[in-house]
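If you check Swiss-Prot, you get these features:
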| type | residues | note |
| --- | --- | --- |
| BINDING | 112, 113, 114, 115 | (6S)-5,6,7,8-tetrahydrofolate binding site |
């Protein structure tokens with residue numbers, strides 16, 4: 001069967017395995033729509049989105065509109081007349097006028113088991129909330145926020161120490177596998193739609209840096225889940241002598257002490273009281289310094305029992 005003519009819309013690393021899979025399948029990817037190049041680093045040099053790099057390597061035309069809902073952009077996409085638009089972490093909301101263009105509509109790859117965790121940061125919030133399972137849902141897009149009919153779901157278990165980076169990487173690969181199954185079913189006419197039950201939904205809003213502030217009165221597992229969900233960005237944090245201290249890896253310890261008080265230090269980590277127990281800090285970063293193991297951190301920063309973290 002001849003490949004579908006597809007416009008791919010996506011921007012970050014998460015979207016790359018799916019674009020690569022579409023190319024490998026022999027689908028006719030007629031254009032890639034992505035965000036504009038952004039200035040990065042100290043020199044503020046313009047850096048292309050990862051998806052653009054892959055598209056250019058394969059000679060696929062790239063569109064980078066400031067606003068995809070602009071009438072001239074919609075007209076440009078309509079002129080391309082795609083069979084299907086595949087959307088993965090694009091970063092802009094698509095207008096109804098664009099959703100109606102392809103004969104097979106627009107299919108989105110969403111990094112949760114819908115209807116749970118609609119929104120911009122499902123990977124982070126499922127970790128923060130202590131979920132043990134998540135996955136990928138392909139969805140027939142409508143004008144709402146992740147409210148379209150579900151097509152294919154694939155689930156995976158979440159490791160007890162897994163952070164947002166490792167879960168992101170696994171789900172990005174699972175997304176490519178899920179689009180495989182979705183397109184296979186579409187092309188043989190066995191793709192079915194399932195309505196979302198709005199009563200079962202919860203939301204995963206974009207992370208704000210201030211949401212990562214650690215409350216040492218919370219229970220150890222709650223704080224550990226916050227750290228997992230905020231690693232590597234934007235980082236769960238506390239303060240030490242007025243400086244921001246980001247925590248990247250922690251484990252639940254057995255000691256009990258006052259919330260925020262350092263109870264013990266050693267090569268295995270820094271034990272801090274919290275809730276009705278304690279946490280062991282294993283990787284951390286003080287403002288202005290590199291991310292280090294607790295052992296390396298202690299070699300350059302003297303900490304003693306009784307010092308308090310946070311306000």
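Note: Cβ is positioned from N, Cα and C throughout, glycine not excepted.
Feature map: Swiss-Prot annotations on the structure.
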residue : record                                     : Cβ neighbours (10 Å)
112     : (6S)-5,6,7,8-tetrahydrofolate binding site : 24
113     : (6S)-5,6,7,8-tetrahydrofolate binding site : 20
114     : (6S)-5,6,7,8-tetrahydrofolate binding site : 26
115     : (6S)-5,6,7,8-tetrahydrofolate binding site : 19
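In the three-state DSSP assignment, the secondary structure recorded for residue 113 ((6S)-5,6,7,8-tetrahydrofolate binding site) is coil. Of the chain residues outside the (6S)-5,6,7,8-tetrahydrofolate site list 112, 113, 114, 115, 110, 116, 117, 118, 122, 135, 137, 146, 150, 153, 196, 201 have their Cβ within 8 Å of the site's Cβ mean position.
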